[in-house]
Structures are given as structure tokens and as C-alpha cells.
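Let me begin by presenting the structure, written as C-alpha cells, before commenting on it.
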Amino acid sequence: MKRSISIFITCLLITLLTMGGMLASPASAAGTKTPVAKNGQLSIKGTQLVNRDGKAVQLKGISSHGLQWYGEYVNKDSLKWLRDDWGITVFRAAMYTADGGIIDNPSVKNKMKEAVEAAKELGIYVIIDWHILNDGNPNQNKEKAKEFFKEMSSLYGNTPNVIYEIANEPNGDVNWKRDIKPYAEEVISVIRKNDPDNIIIVGTGTWSQDVNDAADDQLKDANVMDALHFYAGTHGQFLRDKANYALSKGAPIFVTEWGTSDASGNGGVFLDQSREWLKYLDSKTISWVNWNLSDKQESSSALKPGASKTGGWRLSDLSASGTFVRENILGTKDSTKDIPETPAKDKPTQENGISVQYRAGDGSMNSNQIRPQLQIKNNGNTTVDLKDVTARYWYNAKNKGQNVDCDYAQLGCGNVTYKFVTLHKPKQGADTYLELGFKNGTLAPGASTGNIQLRLHNDDWSNYAQSGDYSFFKSNTFKTTKKITLYDQGKLIWGTEPN
């Protein structure tokens, strides 16, 4: 009998060990309270999110990608795994309005309801996210928003785990006082008729970065918070300064979206910068939600391509971002290492290496061609291999097909390469960049590439509005500029990328 027991125990241990990457479930032990059972109804006290006992609470979790694209990852099984294995206390369901979202595909709302019902059963908080993005002004679909939030608040107004996010990322020619605040007042009024208590989060200008503007003209509702969004590879101390200003004005902040990547969603990951951000959020007890739960082949995704859609993920199923985020939600010491990439924009660039000079071949504000002329100069003491160097000219293509011609290059037009890149998330003054490179050649210390004259045009030859383009300025002589950025093997070495 003892021998049989010994054999059984040995087999059991072998079985457990061979499960290898299967992860422990810290929240699944019998008797563990769910986040909602533990904290109950949330409210605002000063700038702080607090639970039913008035104690500060910091929610941590993850956001879906667009429900219309990656909705299969949003289900009770996956959310249960995230609660039990990752330790999430909040899940954000990102329901796009445009881009195949609810405006054109009303059935997406059913996936939102599925997410809320699953969160209710699992006892986690859930953010109902009206995910405006390419439709940058929330007023564009205001009546649809009011209709949607009327329905959601009537269904879930007595459910303490529901949080409403009524405008994901206002952007473009939008400001707080004229556009966002009046919109928010109308939508909040609709929600409050059915739900007097639950938290409402309002997006801020410039893709939810301008919390300072919202802080200067605050909404009157006692349980409203302002959304702050950041991507660790793009946004640094300048954005934390905005957050500090908002807090000093008594405006509560909820980070409903942040990524370990750059703002495109697909550069990085930037783990050192992410650690700096999370340390800051912890110091202020600011709640956060990471972007995103999907297997999309980009660096901000938490899962590797082909990962299960219902949870049960091994460590080997998680991306570098997913591994980092899971460990930081759990509060364990992360063991991940940075993947070398472009550094954060607020890091100092190399001043004594190569630089770029620019002049406008066509200074017209409205023209059917953009004609940048530039030359790259080696200010350092060592020879530069040009095949490792690329330059980016940042501008607005407005979703039109792009073409480029080389009119003249001292190094030879045949030695110059080009690539157009559309940004995942438009930046201030740019939704596209033209990347210029070289097939071969070197730059000795003190040498220059000489003049490179380019000409861009739309497929339909329609006009550009250059005045709003990040890299453009009107000059008929060459001037040094940091708004055309330079890279050595993909690493930023000169200039400042747009916000």
C-alpha cells in the first residue's frame, strides 16, 4: 500500500512538472474575494478612485483590441483566465465607432454585452469603451452615443462593476472647451438618468493627452474622471508633467489605455520606459489598462499569433509585452529584458553625430506636390555607413495613395530608396512618413550627402495642405531641422518625432 501511494505521488509530481509553462492561478483559491466583492461601488474622493469604504483603489487590467476585429478573445473563459492567472481587476471592451465598428455594424454591441455579462459573473470591473479614433470629433456620432449609453445605463445602472468611457481619443481639430466638454455634458446627462453612481471617464484632446485642458475647465459631475493615454516608446516626462498639473488642479485621472510600444502600436517594446511609467502611476495610485488583448502581429499585443482565444495561455504563448504586463499586474518582479528599438522621444538625441538640413522646393501652402529638399551632414569624428542610415519626413497623406520621385541627388537617385509608412495612430501634424534610405556609400567626418530633391504626389493628384505637416516649413535656404528624423539601423539618432 505504501509503495502504491509512493508511486502515485511520484506520478503526480511528474505530471505537474511536465505541465511546464502552465501558470499558477493566484486568484483562484477557494474563498478568495473577487475584485467587485472586495471593493464594491467605486466613487471619487479628491483625485482618487476609492472603494465603498472610502479607501484608495488602483485597478489594473487589459483592454481588448477592436471588438469587430478581435472579439473572439473577449469571452467568459478568457476573462476568467485573466482574472485568475493575471490578477486583473478591470477589463476594457473597446468598441470602435468607425472602421467597421458600431456605426456601420450594430451587431458589435452584442459582443460588448457579452463582455459586461461575463465581467458581472466573474466579479471584475468592466469599462464600456465608446472607441472613437478616426472619427476624431466625438460630436460626429453624438446622437448614436447618447442612444447607446442610454441603453447600457438602463441595463447596467444598478451594477457596481460597470465603468463608462464615453470618448476614447478625441483628436484632430478638436478642443476641450468647444467640442469635448459640451459632448460629455450631454452624454453624462443621459447616463445619469439611469445610473446615478458609476464612474464615467471622458477622453481628452490630442488622443487623450490634454488632461491639463480638462483640469482647467472641469465637469461638474462628482464621479467623472479624465482619460490619459500613453505609449511608453513615444510619451515620456512631458506627458507626466501634464498629469501632475491636472492632479494639482484636483482633476482625477484614469489611464484607460497605455502600451509598451510606441504610439503606432508596433514599435518597441520599451520596457524601461514602461517601468518608469508604472512606477509613476503606482506612486499616484492611478488605475491603468494596457493595450491590448489580441494575437495581432504587433508589439503591443499581449499574445503571440495563434494563441488560444479562451485563455489557458502558457508563458510561451505571451508576447514580450504580455509577459511584462502580466507580471506587473501580479506585482511580481519582472524578469523581462528590453528589446532594442527606437528610444523614447524625450531622450536627448546625439548632437555631435549626423544631422539633417532642409529647404522647401515648393513653399506653397496648398499644392498638388510636396517637394522636400534635404542633405545629411556628418558632424562627428568617424565615417558613417549610409546603408545603415534612414531619414523620415513626417506629413499628412489623409489615407490617399502616395508616390515619390527623385528629381536630383548628388549621390545619384538610383542610390536612394523610399518607403511610405502609414501610422497606426496619427500624430500631431502627421499620419504618414516617407522613409528615405541609401543602397550604399559613406559619409566621411565633415562630409555631406549633398542636395537630395524629392517630389511627392497623391494618386489622384489632389492638393496637400502643407501648413499642417510636421516636417514642413517655408524656407528657400537650407536650415538645420529636428523635425526630419534620422535613424541608424532603426535607432533614433537625430531629431524629435511628432507627438
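Quick reminder: no glycine exception, Cβ is built from N, Cα and C everywhere.
Using a 10 Å radius centred on the Cβ of GLU169 (active site, proton donor) and all shown protein chains, the other Cβ atoms total 23. Annotated active site, proton donor per Swiss-Prot: GLU169, in sequence order, evidence recorded as similarity to another entry.
DSSP gives GLU257 (active site, nucleophile) a strand state. Long-range neighbours of GLU257 (active site, nucleophile) (same chain, six or more residues apart, CB within less than 8 Å of its CB): SER63, ARG92, ASN168, GLU169, SER208, ALA227, HIS229, VAL289, ASN290, TRP291. What Swiss-Prot lists as active site, nucleophile is GLU257, and the listing cites similarity to another entry.
Residues or ranges marked as substrate binding site by Swiss-Prot: HIS65, TRP69, TYR70, TYR96, HIS131, TYR231, ALA263, SER264, TRP291, LYS296, GLN297, GLU298. DSSP assigns GLN297 (substrate binding site) to coil, not to a helix or a strand.
Under the heading domain 'CBM3', Swiss-Prot lists 350-499. Averaged across the domain 'CBM3' (350-499), pLDDT in this predicted model comes to 89.
Annotation comment: Swiss-Prot describes 1-29 as signal peptide.
There are 24 other Cβ atoms within 10 Å of the Cβ belonging to HIS65 (substrate binding site). The secondary structure of TYR70 (substrate binding site), as reduced to three states from DSSP, is helical.
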